[in-house]
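Asker: Before I ask anything, let me first share the structure, which is written out below as structure tokens.
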């Protein structure tokens, strides 16, 4: 299989010229914002005098997560007794898999394992089942699946890299080429079709039609349920009422964000509660999911405490009070990227990068003068610790911490794989700082970029390439010349596309706050300026670009032979985590109630757990 070509901007800029289709794919990023800020942590810009230089301030509030609080986190879910119980449950689930022979039951079990967040324990078994099903499809072995099972099998196979044809859904169309109207009566089948449609690639019109059809059906169902809510509560028996309420809950969740775009850990935390209330839930699966969640959470707490000690030792939070201190939020990004406990090193070191990128972003975006920013950019290009002497005082410490962190990462890769990657890590940082500098020049000159000019810079200035270049070296062994050429020539398409989604999601969630701060125009403003569109129209266009970029990432599944499956999945997880972080506003900078609830649910509070007797 040929490796994918690297075109520095072509895959992204082609989005700007593609023909417009409906972007109504649910309720992504709800509720919609107005131009009024939703954040309680950002205030109008104020200027303070520092060394006779007028500097902007975003007035970010200090972190609410103190060092002492983080260090006090404890979990009972560690040690041999819990590990032994988990292994016992794992054996029971394995027996359940082996004993499930009926095709639909196998698919449902795989889907449940994934949504409960425990499928990573059974990857080999799942791959064996799906490979067998794909071979059956290739051999035209027909199981006469209904809409639900056809869509479920399609989604699971595409998710695992099997390029099943979209034509399987033509069986559910009428003689005019439209999906049969009676399908709307099978609401769970329609939901399954909806989830499958988000694995579409460019020009897959059947899946595009499936998305539009299923979205309309699901919204109509939700409207009907809302109108008939009182009637349903009184006229249905307990079992039917439960099923209806369960369907409403699942459908509403899907319309907010499709399953393909959600991070595993957050979905697991939500679905465990939903699954527990199902009448046909399996108590073994439920106990396994709860125990595994809590045990993994205990490893996350240890990683977080390690990160907190590094942060305190760096003293950056004390010295740079103009910048965001968002250690906890940075770690939450890492939980989205790779939650499994065996990847503690990656979470710990990558979270440092998130923290440092946030600080450097605030230096360029808010605090530094243009002359100072040019000095910092040159220092990063030189990558010489002596360059610190040419920097203003407040820049010296962040430069030194960045320099030491990157060198430490390079040292680790050299020791593990005998490969010196410092030039590649440095290149990603230089690209980042140059983009930051260009955006600062736009700000100081009052320049209004076009959307095309903005995107050329913005997918890099979001900082994602720095994280993903590091991820490549963490999840690639051995490192090959074939794959390294992509980083020599530019960046692989999968990185560009992932980072574009991160940027667009960021813009969508932070637009109102950044508008109040007077920051550089973002994608929404650029589109409004280019076309004369309203804010609502611009938001719809950004949602459309996100959807189209996902189609490009879906297509890359057939072109990623140069990269490990783990690395490709981390790239996609970065995009998913951005959609999670910015779904309801600025989940990175704003310490609002929803952000705190998510952190408590995923990192701090265990799930109520009782071992079966």
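Glycine is no exception: its Cβ is also placed from the backbone N, Cα and C atoms.
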Asker: Taking Swiss-Prot at its word that 361, 365, 503, 506 bind (2E)-geranyl diphosphate, choose the one of 312, 324, 539 listed for that site.
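Answerer: Of 312, 324, 539, 324 joins 361, 365, 503, 506 in the (2E)-geranyl diphosphate site that Swiss-Prot records.
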Asker: Which one of 434-454, 455-475, 476-496, 518-538 shows up in Swiss-Prot as transmembrane segment?
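Answerer: Range annotated as transmembrane segment by Swiss-Prot: 455-475.
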Asker: What else in the chain is close to the transmembrane segment (455-475), if you only count residues 6 or more beyond its ends and a Cβ gap under 8 Å?
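Answerer: Counting only partners 6 or more residues beyond its ends, the transmembrane segment (455-475) has Cβ contacts under 8 Å with 9, 12-13, 15-16, 337, 343, 345-346, 349-350, 353-354, 357, 361, 409, 413, 417, 419, 421, 424-425, 427-429, 431-432, 435-436, 438-439, 449, 483, 487, 491, 495-496, 498-500, 502-503, 506-507, 522-523, 563-564, 566-567, 570-571, 574.
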Asker: In whole Å, how far is residue 503 ((2E)-geranyl diphosphate binding site) from residue 510 (Mg(2+) 3 binding site) when you measure between their Cα atoms?
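Answerer: For residue 510 (Mg(2+) 3 binding site) versus residue 503 ((2E)-geranyl diphosphate binding site), the Cα atoms are 10 Å apart.
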Asker: Residues near the Mg(2+) 3 site, 506, 510, 514 excluded, by Cβ within 8 Å of the Cβ center?
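Answerer: Nearby residues not in the site list: 507, 508, 509, 511, 513, 519, 522, 582, 586.
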Asker: Would you mind ranking the binding-site residues 324, 503 by how many other Cβ atoms sit within 10 Å of each Cβ and giving me the lowest?
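Answerer: Among the binding-site residues 324, 503, the lowest count of other Cβ atoms within 10 Å belongs to 324.
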Asker: Which one, from the binding-site residues 361, 365, 514, has the smallest tally of other C-beta atoms lying within 10 Å of its C-beta?
Answerer: 361
Asker: Relative to the Cβ of residue 506 ((2E)-geranyl diphosphate binding site), which residues of the same chain, six or more apart in sequence, are found under 8 Å away?
Answerer: 462, 578, 582, 588
Asker: Between residue 324 ((2E)-geranyl diphosphate binding site) and residue 514 (Mg(2+) 3 binding site), what C-alpha distance do you get in Å?
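Answerer: A Cα-Cα distance of 14 Å.
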Asker: Can you tell me how many other Cβ atoms are located within 10 Å of the Cβ belonging to residue 510 (Mg(2+) 3 binding site)?
Answerer: 24
